[in-house]
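Swiss-Prot has this to say about the protein:
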type     : residues : note
DOMAIN   : 18-202   : domain 'ABC transmembrane type-1'
TRANSMEM : 24-44    : transmembrane segment
TRANSMEM : 51-73    : transmembrane segment
TRANSMEM : 78-100   : transmembrane segment
TRANSMEM : 132-152  : transmembrane segment
TRANSMEM : 153-173  : transmembrane segment
TRANSMEM : 183-203  : transmembrane segment
Amino acid sequence: MDTIHYMLDNAGYLASLTFQHLWLVALAVGLAIIIGVPLGVLIVRHKWLATPVLGAATLLLTIPSIALFGLMIPLFSLIGHGIGVLPAVTAVFLYSLLPIVRNTHTALDSLPPGLREAGRGIGMTFWQRLRWVEIPMALPVIFGGIRTAVVMNIGVMAIAAVIGAGGLGLLLLNGISGSDIRMLIAGALMICLLAIVLDWLLHRLQVVLTPKGIR
């Protein structure tokens, strides 16, 4: 009951931290989509790149999150931004790359060869085939990678509070430092709820964007 009262009494503060958390995750995953999807296309077209690119992305994901955030501090201190949003978003961006690149590569590489041959047969260029045939067919799997990145990094971004990025992780950090169990439970509940809601919303968006013929 104490936790519920705390959450009701601090609803405005919790909402502010939630939107801040959402913005940080959206920025990191958005950058990963911009970089990761074209990178996935590239390693499908140039297959010799697949092993080193996917290997590097996998290696990044094996680094403990607190260690990766710690590594960002001296790197970004060189440009005067050792703590705050920039190193946090960069770390989460790196974590987001693997599921997006891997799913893009898997989705495009597993398409039936006949689709590409049919596109070539009617005179489509590579980019036309990619835009009108391959990406629409691969979209459900690509979106699966985006969903994985978002849900995974809702939790990872909470740790970014230790380097001054803000977000819902502040509740956990302040709860630990102040031995306030209400803040700890409230922070954990908000992070879990946010991950569940975003996963559901992205699933609905995936259904809407998937061509009717392959739903």
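Every residue, even glycine, has its Cβ placed from backbone N, Cα and C.
Take the transmembrane segment (51-73) and the stretches 24-44, 132-152, 153-173, 183-203: counting Cβ pairs under 8 Å, 153-173 has the most. With a cut-off of 8 Å on Cβ pairs spaced 6 or more residues apart, the transmembrane segment (183-203) and the transmembrane segment (132-152) reach 3 or more such pairs and are scored as touching. Packing against the transmembrane segment (132-152) from elsewhere in the chain are residues 25, 29, 32-33, 36-37, 40, 95-96, 99-104, 106-108, 111, 115-116, 118-119, 124, 195, 198-199, 202-203, 205-206, 209-211, 214: each is 6 or more residues past its ends and has a CB under 8 Å from a CB in it.
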